[in-house]
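Student: Before I ask anything, let me first share the structure, which is written out below as structure tokens.
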Amino acid sequence: MNSASLTLRAFRLIVTGGGTGGHTYPALTAIRTLQERLAGEGRGLDVLWIGTPGGLEARVAPAEGIPFTTVATGKIRRSSNPLKMLSPANAKDMARVPLGVAQARKIISDFRPDVVLATGGYVAVPAGLGARLCKRPLVLHEQTVRLGLANRKLAGSAAKIAVSSESTVPLLPESVRGAAVVTGNPVRAEVLSGHPDKAVTALGLHGFDRRLPTVYVTGGAQGSQQINEVVAGALPWLLERANVIHQCGPANVEELRRRAAGLAAEPASRYHLAGFMGPELPDVLALADVVVSRSGAGTLAELTALGKPAVFIPLATSAGNEQAHNARHLAEAGAAVALLGEVTAAGLTEAVGPLLTDPARRNAMADRARAHGRPDAASRLVDVILSAASG
Ligand SMILES: CC(=O)N[C@H]1[C@@H](OP(=O)(O)OP(=O)(O)OC[C@H]2O[C@@H](n3ccc(=O)[nH]c3=O)[C@H](O)[C@@H]2O)O[C@H](CO)[C@@H](O)[C@@H]1O
């Protein structure tokens, strides 16, 4: 083989991770960015995604034309009570992991990837262990400050551990710290290039009053019962001052529509309910003046890259109270407002009110949020993938 054919050989990547958006979208963004980088060098990318049949990745990968396969995996139901962690359901699921490892090993040895990239979620464990058995370089990407369960299991086998924040490095076991590289959390390029008018057309927001600010409420892919409850309580107050787009989770649309049925026609025309935001998400974010949201790492990366004033209502049960930590971190920098503990409709209106009435305050918060954004995270993660392949 001469050197020209060597440089033109397609790069082979296996990606594994998913379950939620927080693990799925960084993987997707890494694939797209690597593909672009390689194309610029006249080189192709052969990629295969190992996921779970029920995770978001099972919809996202095929929709993007990315070859997709699944392996058996075990979901661990977390509990503060160690005895509950030993539940029959957990034991049964954990027994599936060895089968998943065997399946992943076969897939990886057949595919012969240059690198395996794991972005977290249950499926990353068998696939990451398969990479080690096949002696392929394993790159982990961690979105949150503390390593998630899957990445903790895999850290000792990783060639590189890409992390989203400097504050993660000292929290890593000393034995793996040398493998850490701070990249940030990749954000899909389209999320950063939305247009407000397109949101109005796509969602039919013709009753919105464009002289008023727009609030975008989001509870994550499944929606959040807690946020839905608080926003439903504050809705009449909010609609006197703003247009509201409320992403409430596919299963909750009917109930919230019933609850909003009592609104007068005029405020009701400034309220838009949606189960899930698909391709219109970037335009909705572009239209939003204030965001009310969970504080998952993916959403945070997006809102800071865009520079959006936000009121966070963290998921209290997130592992290690991670979402509360995320929200507090930005609030301390004046880059967001964090509502911790019990949240009421009155608490929400108190937090949102000053942002609705004072554009200068919104702008100042937006600037501080932007200072925490890392728009180059995808490119840095691609650097790590390429260096792991050559190392
Ligand atoms: C319950 C749970 O375990 N949450 C974790 C999960 O977050 P989870 O995946 O729930 O939330 P994230 O904020 O990380 O990501 C959500 C992603 O879905 C997108 N989106 C959301 C709603 C919608 O309608 N359309 C849409 O596209 C968002 O823009 C974002 O890209 O992984 C994150 C990253 O490891 C962690 O920080 C979270 O603590």
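Glycine too: its Cβ is placed from the backbone N, Cα and C atoms.
The annotation domain 'Glycosyltransferase family 28 N-terminal' is assigned in TrEMBL to 14-162. Sequence annotations record features per position, and here TrEMBL assigns UDP-N-acetyl-alpha-D-glucosamine binding site to THR20, GLY21, GLY22, ARG188, GLN323. The domain 'Glycosyl transferase family 28 C-terminal' annotation in TrEMBL covers 214-381.
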Student: Per DSSP, GLN323 (UDP-N-acetyl-alpha-D-glucosamine binding site) is which: helix, strand or coil?
Tutor: helix
Student: For GLY22 (UDP-N-acetyl-alpha-D-glucosamine binding site), name the DSSP secondary structure in the helix/strand/coil scheme.
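Tutor: Its secondary structure by DSSP: helix.
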Student: Hey, of the binding-site residues listed (THR20, GLN323), which one tops the CB count within 10 A?
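Tutor: Within the set of binding-site residues, the most crowded position is GLN323.
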Student: UDP-N-acetyl-alpha-D-glucosamine site residues THR20, GLY21, GLY22, ARG188, GLN323: biggest Cα-Cα distance, Å?
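Tutor: Taking every pair of listed residues, the largest Cα separation comes to 21 Å.
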Student: When you measure from the Cβ of GLY22 (UDP-N-acetyl-alpha-D-glucosamine binding site), which residues in the chain that are at least 6 apart have a Cβ under 8 Å away?
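Tutor: Listed in sequence order, they are GLY120, GLN143, GLY296, ALA297, GLY298.
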Student: Using DSSP, how many residues of the domain 'Glycosyltransferase family 28 N-terminal' (14-162) fall into helix, strand and coil, respectively?
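Tutor: Going through the domain 'Glycosyltransferase family 28 N-terminal' (14-162) residue by residue, I get 72 helix, 25 strand, 52 coil.
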Student: Looking at the domain 'Glycosyltransferase family 28 N-terminal' (14-162) alone, can you tell me the average pLDDT?
Tutor: 92
Student: Same-chain residues six or more away whose CB lies under 8 A from the CB of GLY21 (UDP-N-acetyl-alpha-D-glucosamine binding site)?
Tutor: LEU56, GLY220, ALA221, GLY296, GLY298
